[in-house]
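**Q** Pasting a structure here, questions to come.
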Amino acid sequence: MKQLIKFVAGLIILISSLQVIADEVNEKQHLIAISMMLASGKTVTGTRELAITMRPQKGWHGYWLNPGDAGFPTRFNWQLPKGVTIGEVQYPAPSRLVTRDIMNYIYHGEYTLLAPVTVDNSIAVGTSLPITLDIGYLVCDPTSCLPEQQIITQHFTLGDAKVGLDEQQQFSQWRQMLPRPLAVNGRFAIEDKVFRLALPLPASVDSSDAHIYPIVNNTLVNNAKQTLTHEGDVLSMQTQAGDASVALFQGVLVLSDGTALSFDAHKTDASAFAAPSIKEQHSGSQGSWSPSVTVVGITAFFGAVLGGLLLNVMPCVFPILSLKILSLSHSGSEKDARMGSVAYTLGAVLVSVCLGGVILGLRAWGHQVGWAFQLQSPAVIAGLILLMSAIGFNLAGLFEIGTLTSGSRLQDQKGPMGDFWTGVLAAFIATPCTGPFMATALGAALVLPTAVAFMIFAGLGFGMALPFLLVGYIPALRTCLPKPGAWMVTARRILALPMFITALGLVWILMRQSNDAYVLSVLAATMLSTFGLWLTGLWQHSQHKGKWWPGLLLTLLPLLALIYWVPQANTAPQHGPEDASEVTVFNKEQLKLLAAQQDVFVYFTADWCLTCKVNEQTSIARQEVKAAFKQHNVATLIGDWTRGDSRITEFLAQHQRSGVPLYLWYKKGTDEPIVLPQILSPSILIDLAES
């Protein structure tokens, strides 16, 4: 009854205000000025963002998607050209306005909404895309309200994927205003009209003046007091329950400093909710909590160590590690062996921790990034092509660098420094994929306290360096190594092959990320660099043996050319799935629609992820798998993370992942997916399709 009285009171206020201002509005412009801006995007086609900026006149305000006790949400009707789709509109966090005991969720001043726009590959460059928005909304001041409607048409020309600095900064500011997703689900319970909510939130976060905004109206009594308690790493809230009944509570938590976090909370029994497990921490994909952060952190640490250990078999790391281990077989002394292994370990750990710190920092500033984010940049890929080529030619004997020459570096006082930088190199180039054990560990690092997160990232680097560290500290292992001899020169030449294969793979990735002109420029720079390294080898063999600095100067020239003079890389063609008739590009709206009608297999991949590509060739692309999917009407969605996508990063975080691959299976009519292992087999997919 109380809610009904509030609604009627709000309705009376709304109706009484219309006549007061109707005559004025007829003679004036709209009370909210609206403009649209389409981001240039990283590629010509694909997905980009559309900004809808709302500018209320002074003294007036607009409404959030849940307006509160009075008002109505903004209505969007789109008219789009064929091949263009627009996803769900995203809102920045609102503020509260209480009028006569009526709580509203509003925006004071200008605010910007963002919506994803997907452009189909079939649309030619230079095509004019007319986008029409029929928008209806409510605008109010302290004494009156008025519903308005506008029809806005704007033409955007497809073809210019160059992103200006001002545009990048503007869209970055708008994105930072959006709520960031809380990676771990919460839970809630209702008993005797009392609503209780528990969310995972580190104890270091200030929640003294926090407030929770419900996305679905009437799930809470909007103007009721919210009592928040922060015990350990769990934020609890208690308030009066509304009349709406939901199994999934969605909301936005606005912290004391203005940071906004969006979250999902699953309904649970009131008796279980009241138990001591309210202090439990996250332990799985269902959003539950384990007994303590310490247990979760230690488990994730060892998972990261095992994952880092497996990264040593990557073709770009294995040759470096092999030569380093072989070099210990004739080290100068026990002390030298230990110093070298410790230096290598420090380099690997430092890079892993630094990359983790950059990820945590960027996410804290509102950027949606994940593990191996640096490989989403064509400039980084170009630099790695030059580096892998140089290492390959070094191993092949074209020129010499002491730090990569087996045996020579430990007679040098700078030996440990060379080992340190080799560890840095190995860790940096081994980050593209999250293999077994790593996925859950790195996903947990993004939601656990910062100190625990850094421990997990350090565990990844420690796992990579563990073989070298063991050989350095256990003499018995060194005695098992073959004795040095002429065969090591042949071994070095053979180990150059994986480095060249890696460089070739990076060229393929660059072709997928950028345009032909940029790829050609990188290949030309690589040829120039190789010429410089060849001259360096001649210099070394003729009169200055061991000197390699001339090659550094000649290699810097193509690097500078790549930075300052080559064409922009961000005009890449869009690469869709190889069989567009069987695979659909991922978006959350399409996923919800398909999952209600049929089973859906969703996989997230990237061209630079070795594990992803192996799974695709050995399992996903197999004819028997495709036949089973077709026979049992299984839809397939692909999320391509090659060049980064904030929506995919957000979705990965919601499933406790910081990188790819991620494989999900949605049974028909269910919202919670089955998380598949990161190493797939055809039988896994066929069995799921037939079940």
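Each Cβ is built from the backbone N, Cα and C atoms, and glycine gets one as well.
Heads up, here are the entries from TrEMBL:
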type	residues	note
DOMAIN	46-153	domain 'Thiol:disulfide interchange protein DsbD N-terminal'
TRANSMEM	295-321	transmembrane segment
DOMAIN	304-507	domain 'Cytochrome C biogenesis protein transmembrane'
TRANSMEM	342-365	transmembrane segment
TRANSMEM	377-399	transmembrane segment
TRANSMEM	420-446	transmembrane segment
TRANSMEM	452-474	transmembrane segment
TRANSMEM	494-511	transmembrane segment
TRANSMEM	517-536	transmembrane segment
TRANSMEM	548-566	transmembrane segment
**Q** By Cβ distance under 8 Å, which residues at least 6 away from the ends of the transmembrane segment (342-365) in the same chain are close to it?
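**A** Distant contacts of the transmembrane segment (342-365): 176, 180, 308, 324, 371, 373-374, 416-417, 419-428, 431, 445-446, 450, 453-454, 456-458, 460-462, 464-465, 468-469, 472, 658.
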**Q** As a test: from 295-321, 452-474, 494-511, pick the stretch that has the greatest number of Cβ pairs under 8 Å with the transmembrane segment (377-399).
**A** 494-511
**Q** Counting only residues 6+ away from its ends, which parts of the chain sit with a Cβ under 8 Å from the transmembrane segment (452-474)?
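**A** Result: 293, 296-297, 300-312, 317, 321, 324-325, 328, 337-338, 340-342, 344-345, 347-353, 355-357, 360, 423, 426-427, 430, 438, 441-442, 444-446, 481.
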**Q** So what's near the transmembrane segment (494-511) in sequence-distant terms, Cβ-Cβ under 8 Å and 6+ beyond its ends?
**A** 315-316, 318-319, 322-323, 375, 378, 381-382, 384-385, 388-389, 391-396, 429, 518-519, 522-523, 526, 607-608, 642
**Q** Provide the three-state DSSP residue tally for the domain 'Thiol:disulfide interchange protein DsbD N-terminal' (46-153): helix first, then strand, then coil.
**A** 0 helix, 71 strand, 37 coil
